[in-house]
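Student: Got a structure for you, questions after.
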Amino acid sequence: MSKLSTRILLVEDDEDDYILTCDYLQQMPSHHFTIDWVDNPVEALALLKANTHDICLLDYQLGGLNGLAVLKQTSADGCTVPIIMLTGQTDTELDNSALDAGAVDYLVKSELNSARFNRAIRYALARKDIENERVERIKAEAKSRSKDKFLAHLSHELRTPLTSILGYTELLLSDHANNAIQPELTTILDNGKHLLGLLNNVLDLSKIAAGKFELNNTTVSFESFIVDVYTLMSMSAQDKGINLNLIAKTKLPIEITADPLRLRQVLINIIHNAIKFTNHGSVDLHIWLEDNANKPCLCFSISDTGVGIPDSLLATIFKPFEQVQDIVSRNEEGAGLGLSICSELLKHMGGNISVESTLGVGSKFVVSIDPGNISGVEQKTLSFKRSDYKSSTETLSKLSGKVLIVDDIDDIRRLIGYVCRSFGLEVSYANNGQQAISKIVSASESCAPYDLVLMDIHMPVLDGKRAISQLRNMHINTPILAITAATMKGVQRELHDLGFNDVVPKPIDKYELHQKIMQQLIKSPLDSTVQHKNNTKKNIKNNERILLIEDDVDAAEITALLLQSLDKAVTIAHSATAANNILITDKHWQYILVDMNLPDANGLILSSSLKQQVPNANITIVSGNQVSKESIAQSGADKALLKPINLALLQQLFDQQ
């Protein structure tokens with residue numbers, strides 16, 4: 001039987017006692033001791049502070065400093081090494097003092113050759129093991145908390161800019177004027193969604209591992225669901241020059257009960273992999289219904305004529321961070337989470353996934369799910385037809401307001417004016433900053449102020465920078481946009497600091513100009529708030545007033561624009577303080593959207609306060625991280641939306657009311 005290796009620190013200033021103690025230790029069965037000897041408290045404290053020994057045998061008498069003083073100092077230094085105090089005489093009071101100071105035991109040196117010494121060593125080692133386990137458990141718990149906190153923060157920080165990326169791209173795609181660049185915009189949208197998918201994969205795996213994952217089952221129109229998946233993936237197949245074939249092998253239910261988001265995630269992931277690893281031939285998606293122990297089972301098979309996977313490696317592809325591309329080549333990139341998450345999702349959906357493959361011939365993945373109770377659901381032969389892309393909005397909305405355009409170049413001035421008039425705006429002109437100041441002041445004095453000013457930076461007589469400085473010193477708060485070809489980050493910051501509300505880069509992009517003008521026309525001069533007016537001349541009902549509490553300016557603006565496209569009247573508050581200030585004088589809100597992570601409040605805590613102030617309002621938490629149903633209920637909120645926010649999510653929010 002091998003002996004356990006134990007490292008001991010022996011603190012003893014008498015060499016004879018050191019030799020005797022070593023002899024007694026070497027005589028102990030079942031242990032092999034490595035002994036480090038020091039004869040003074042200074043070296044002892046340095047070694048104990050390092051926490052590299054299993055046990056310390058500490059002599060009470062150490063010259064000018066006794067063992068009790070060493071014990072007290074080790075506690076202050078964070079030492080976790082079990083210490084046994086050794087002394088030359090029996091002293092009950094000293095024994096108790098040593099234990100109070102942190103020693104695990106107290107021995108008289110005459111007992112070193114007795115059974116008590118053996119028990120003391122075993123007890124100290126057991127205590128060391130327990131302490132090590134406790135420390136490791138604390139570290140693991142702290143690491144888990146840190147990971148959860150990091151993932152929550154990462155989720156929020158990434159979803160917030162994704163809200164702007166996806167939201168603005170959807171708005172761009174809705175403008176027929178952008179038809180010429182629709183492929184490029186679609187690429188931006190698709191890659192933004194891909195980035196969102198990668199983020200979701202990491203978070204999903206974390207939630208599954210922590211046992212915090214839950215499905216949101218609902219009734220799904222199966223035919224339209226499959227058509228959407230097929231349409232999306234057909235475009236990827238066409239780009240690759242291969243066919244994606246969809247075949248229904250049996251009659252299928254027109255409705256199933258499932259989590260459509262998760263089922264879509266599984267199918268898209270597997271079909272995407274099949275397309276990615278198939279350079280010639282086709283990818284086939286077969287769907288059928290079968291009985292499994294008298295229980296219906298909805299099955300999908302995705303087969304390809306791609307590179308295939310060796311038999312010896314098939315079992316590993318459902319493990320986290322195991323990539324199919326690592327098995328067959330090094331040319332593709334990915335996180336290696338997709339198939340692992342698919343496998344876990346399907347377990348939660350009452351199904352499973354299997355794979356068979358021949359290297360160089362192709363692969364076949366078979367997925368099954370529980371479709372829910374379909375005993376009373378009609379089953380028929382479904383005819384799947386590809387759908388076309390449909391934009392969420394039709395055209396640029398018409399704007400209303402008076403705009404002053406300030407530019408010394410007549411062609412540029414007239415061009416911008418023409419574009420602004422096409423938006424529905426009333427346009428006036430000025431040739432330089434001095435003329436602009438005169439017109440702005442005159443309009444204000446006649447009680448017909450301009451709603452917006454577009455001002456060039458480089459002009460004779462008085463340039464844009466000096467003009468806005470004078471206007472702001474005169475306490476004129478009219479929104480003013482800088483028009484400039486210099487759009488470097490530092491320049492934009494400088495212009496904002498001077499008082500410009502935003503910057504329009506040259507050459508002028510019609511949609512961007514419309515977007516920036518709309519953002520300013522819907523703003524109120526109230527500090528920290530933005531009041532969205534009825535610029536589109538639509539009939540906004542009294543029960544459609546929304547208070548949006550969001551600290552990120554970009555996320556607030558795009559959410560407000562999306563809400564406005566749904567004919568909602570919106571007020572933005574960029575903090576909890578700003579929101580509470582608004583509620584002092586105005587409590588007539590039917591909807592309140594609250595960001596989870598505000599600079600001065602937690603969204604859940606704030607929701608509880610808001611519910612007390614506006615009990616009839618529908619309060620929705622907007623978060624970059626999944627919010628549990630229990631947290632929502634405790635906060636008084638009605639529901640939660642997961643960023644990034646899009647038009648469909650908002651429409652669904654209002655449709656459910």
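Every residue, even glycine, has its Cβ placed from backbone N, Cα and C.
Where the annotation comes from TrEMBL, it is an automatic prediction and has not been curated.
Pulled the feature table from TrEMBL, pasting it below:
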DOMAIN    7-124  domain 'Response regulatory'
DOMAIN    153-373  domain 'Histidine kinase'
DOMAIN    402-521  domain 'Response regulatory'
DOMAIN    545-657  domain 'Response regulatory'
MOD_RES   Asp59  4-aspartylphosphate
MOD_RES   Asp456  4-aspartylphosphate
MOD_RES   Asp595  4-aspartylphosphate
Student: In the domain 'Response regulatory' (402-521), how many residues does DSSP call helix, how many strand, and how many coil?
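Tutor: Each residue of the domain 'Response regulatory' (402-521) counted once, the result is 58 helix, 24 strand, 38 coil.
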Student: I need the CA-to-CA distance for Asp59 (4-aspartylphosphate) versus Asp595 (4-aspartylphosphate), whole Å please.
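Tutor: Here the two Cα atoms lie 62 Å apart.
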Student: Least buried of the modified residues Asp59, Asp456, going by other Cβ atoms within 10 Å?
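Tutor: Counting other Cβ atoms within 10 Å of each of the modified residues Asp59, Asp456 gives the minimum at Asp59.
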Student: Between the stretches 7-124, 402-521, 545-657, which one has more Cβ pairs under 8 Å with the domain 'Histidine kinase' (153-373) than any other?
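Tutor: Stretch with maximum Cβ contacts: 545-657.
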Student: Going along the chain, which residues six or more apart from Asp595 (4-aspartylphosphate) have their CB under 8 A from its CB?
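Tutor: Correct list: Ile549, Glu550, Asp551, Asp552, Ala555, Gly603, Val622, Ser623.
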Student: Helix, strand, coil residue numbers for the domain 'Response regulatory' (545-657) per DSSP?
Tutor: 50 helix, 29 strand, 34 coil
Student: Over the domain 'Response regulatory' (545-657), what is the model's mean pLDDT?
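Tutor: Overall, the domain 'Response regulatory' (545-657) comes to a mean pLDDT of 88.
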Student: Could you give the number of helix, strand and coil residues in the domain 'Response regulatory' (7-124) as assigned by DSSP?
Tutor: 55 helix, 27 strand, 36 coil
